[in-house]
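Asks: Sharing a structure below in C-alpha cells format, with a few things to ask.
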Amino acid sequence: MPGFWLAFVFHFVFCHCQYKYGPERAWNLRSVEELKSKEFWFHDAQRTLYEKLSTPPNQYVAKNVIMFLGDGMSVPTVTASRIFDGQLRGVVGERNRLEFEKFNFVGLSKTYCANKQVADSACTASAYLSGIKANYLTIGVTPDVQLNDCAGARLPQNRLSSIAAWALKGRKSAGVVTTTRVTHASPAGVYAHTSNRDFESDFDVNSFGENASKCPDIAQQLIDGDVGQRLRVILGGGTSKFLPNTQKDVYGNPGQRLDGRNLIEEWQRSKPGNARVVFNRTDLLANDARSTDFLFGLFNASHMAYHLDDSIDTPTLSEMTESAINILSRDHGGYFLFVEGGRIDHAHHETKAKKALDETVQFSNAIKKARLLTNSWDTLIVVTADHGHTVTISGYPDVNNSIAGLNSELSDVDSKPYATLSYANGPDYQKFYQSKDGVVERVNLTTSDIGDKDARYPHGVPMTEETHGGGDVAVYAHGPWAHLFTGVYEQNTIPFMMGYASCLGPGITYCDLQPKVSYNP
C-alpha cells in the first residue's frame with residue numbers, strides 16, 4: 001500500500017508539472033521571470049525525480065553501438081554550448097538541454113595517458129577504442145611503443161585491437177564519420193597502429209626522417225589494413241593524404257603522397273559490390289543507401305570546414321551520420337559506428353570559443369539524428385570526449401547573458417569589461433594586454449570583436465596555440481546497458497562496457513554470463 005501511494009503522489013506531481021509547463025515547456029523557458037517562482041523549482045525537481053524513478057535499466061543485448069566523440073568537449077564546453085544553443089533558439093540558455101544531456105545515465109572518465117598527465121587525442125583514442133592506455137602521440141599500440149618507434153609499432157604483440165575490430169570479428173559492420181581528416185588521431189584509433197599520430201601519409205613519415213617502407217602511414221593502413229579495408233563507411237576530410245603529389249583532387253588541391261599511389265582509386269577497385277566515392281554534399285545526399293555496399297566520402301583536402309564557415313556543398317555532421325546509419329543498418333547482424341565532432345578541439349586550440357560552441361551544437365544535432373534513426377531497445381549510444389580544454393566560464397554574469405559575449409559585470413580591479421569565456425593559455429597574447437608607462441594593463445574589450453565567429457578569446461599564458469586540459473570528461477549513455485556508464489572510471493573502461501553490452505571483444509560480456517536476450521518487437 002505505501003508503494004501504491006508513493007506511485008500515486010509521483011504520478012500526480014509529474015502530471016501536474018506536465019500540464020502546467022508541458023513536456024518541453026519546463027526546459028524551453030522564454031523568460032527568466034519564471035525562474036523566480038518557488039513553485040517552478042519544486043515541480044521541476046519532482047518531474048526530474050519521477051523521470052529517473054520511472055526509467056528501468058535496459059538489459060537487452062545491444063545489436064548496434066554508436067560512439068560519439070566530441071573532441072576536446074570539456075564539461076565547461078558542454079555548459080557553454082547548452083546556453084549558446086538555447087540563446088540561438090530564443091529560450092533561456094541555462095534551462096536548455098543538448099540532445100545527449102537528455103540521456104539518463106552519465107559518468108566521468110579520467111583521461112590521462114600512460115605517460116602524460118594531460119592527454120592528446122592519440123593516446124586517448126587507444127584508451128576509449130581499444131581498452132588500453134597508451135603513450136602520448138601514439139595510436140593503437142601498447143605503452144611499450146615509444147614515440148617514433150616504427151619497429152615496435154609493427155610487432156604483433158604491441159598492436160591493440162579496437163572495438164571496430166571486435167565488431168567485425170563478431171560479424172557486424174563498422175564505419176567511421178568525422179569532421180577532421182579521416183587519418184587524424186581520433187578516427188585513426190578505429191583502424192591504425194602507429195608510433196606517431198602525425199604519420200598520416202608517406203610524406204609525413206619521411207618528413208620525420210623515418211623510412212616509409214618500414215613505417216606504414218595511417219592512410220595506407222586505412223586502405224590496406226585488416227580493419228580499414230573492411231570498414232563499410234568512411235566519411236570526413238583529407239584527400240591530400242590519399243593522392244600522389246602529381247595529382248589534384250576534384251577541387252584542384254594537390255596530393256601529398258610520394259609513392260605515386262592513388263589510394264582512393266585503389267579503395268574503390270578493391271571492394272566487392274557497389275563501392276561509391278563522393279566528394280561533396282550534393283553527391284552524398286543523392287547517394288542511394290539501399291544499393292551502396294561501401295561508401296568513401298572525402299569533403300576537403302584537409303579537415304572539413306567549420307560549420308560557421310560552411311561552403312554550400314559541405315555536408316553537416318548530421319547528414320554524414322544519417323548516411324552512415326542508413327548503409328550500416330542494412331546489416332542484419334548489427335554494426336559499430338564511430339562519429340567524431342573533431343573541430344570542437346581545433347576551435348579551442350585557436351581560442352575561437354564561438355566556433356567551438358557552434359561545433360558542439362552541430363555534434364548534438366548529429367546525436368539527435370542518430371536517435372531518430374535507431375531504436376533505443378537495441379542500439380547503445382555512448383557520447384563522450386577524449387580530453388578537455390582550458391576554457392572556463394567565469395565571473396558572475398546575469399542569467400541569459402550572452403555566453404559568447406562580454407560579461408554583464410566589470411572587473412573590480414580595473415573596472416573594465418571581460419569576456420564570460422576565457423582560456424588559461426593561447427595565441428595572440430598581445431591582443432589582450434598592453435604596456436603603458438611600464439605597467440601591463442588589459443585592453444578594453446568593448447572595442448574588440450568578442451562575439452564574432454572568428455574572435456579569439458582572452459587567455460593568460462602566451463602559447464602558439466591553446467593546450468588541452470587535464471580534467472575528467474563526461475560520458476553520456478542511452479540504450480542497452482547504459483546504466484554501466486555511471487560513476488567515475490578510467491577512460492580505457494569504455495570499450496569494455498560497450499563490448500559487454502553488445503557481446504563483443506576479449507573481455508567479459510553479457511552473453512558469457514547468461515542466455516542472450518535480444519529485443520524482438
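Cβ atoms here come from the backbone N, Cα and C positions, even for glycine.
Here's the feature list from TrEMBL:
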type	residues	note
ACT_SITE	Ser121	active site, phosphoserine intermediate
BINDING	Asp71, His184, Ser186, Glu340	Mg(2+) binding site
BINDING	Asp71, Asp345, Asp386, His387, His468	Zn(2+) 2 binding site
BINDING	His349	Zn(2+) 1 binding site
SIGNAL	1-17	signal peptide
Asks: Would you mind listing, in sequence order, the residues at least six apart from Asp345 (Zn(2+) 2 binding site) in the same chain with a Cβ closer than 8 Å to its Cβ?
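Replies: Residues satisfying the criterion: Asp71, Gly72, Ser121, His389.
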Asks: Between Asp386 (Zn(2+) 2 binding site) and Ser186 (Mg(2+) binding site), how far is it from one CA atom to the other, in Å?
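Replies: Just about 8 Å between their Cα atoms.
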Asks: Within 8 Å of the centroid of the Cβ atoms of Asp71, Asp345, Asp386, His387, His468, which other residues of that chain place their own Cβ, given that this set defines the recorded Zn(2+) 2 site?
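Replies: Apart from Asp71, Asp345, Asp386, His387, His468, the close residues are Gly72, Met73, Ala119, Asp120, Ser121, Thr124, Ile344, Ala385, Gly388, His389.
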Asks: In whole Å, how far does the CA atom of Glu340 (Mg(2+) binding site) lie from that of His468 (Zn(2+) 2 binding site)?
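Replies: Just about 17 Å between their Cα atoms.
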Asks: Taking the Cβ of Ser186 (Mg(2+) binding site) as the centre, how many other Cβ atoms fall within a 10 Å radius?
Replies: 26
Asks: I need the least crowded one of these binding-site residues (His184, His387), counting other C-beta atoms within 10 angstroms of each C-beta.
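Replies: If we count Cβ atoms within 10 Å for the binding-site residues His184, His387, the smallest count is at His387.
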Asks: Check the Cα-Cα distances from Ser186 (Mg(2+) binding site) to the binding-site residues His349, His387, His468 and tell me which is shortest.
Replies: His387
Asks: Quick check for the class: what is the C-alpha distance, in angstrom and rounded, between His349 (Zn(2+) 1 binding site) and His387 (Zn(2+) 2 binding site)?
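Replies: A Cα-Cα distance of 13 Å.
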Asks: Near the residue listed as 'Zn(2+) 1 binding site', how many other Cβ atoms are within 10 Å of its Cβ?
Replies: 20
Asks: Please report the distance from the Cα of His468 (Zn(2+) 2 binding site) to the Cα of His184 (Mg(2+) binding site), rounded to the nearest angstrom.
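Replies: A Cα-Cα distance of 17 Å.
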Asks: Fewest neighbouring Cβ atoms within 10 Å: which of the binding-site residues Asp71, Glu340, Asp386?
Replies: Asp71
Asks: Return the count of C-beta atoms lying within 10 angstroms of the C-beta of Ser121 (active site, phosphoserine intermediate), excluding that atom itself.
Replies: 26
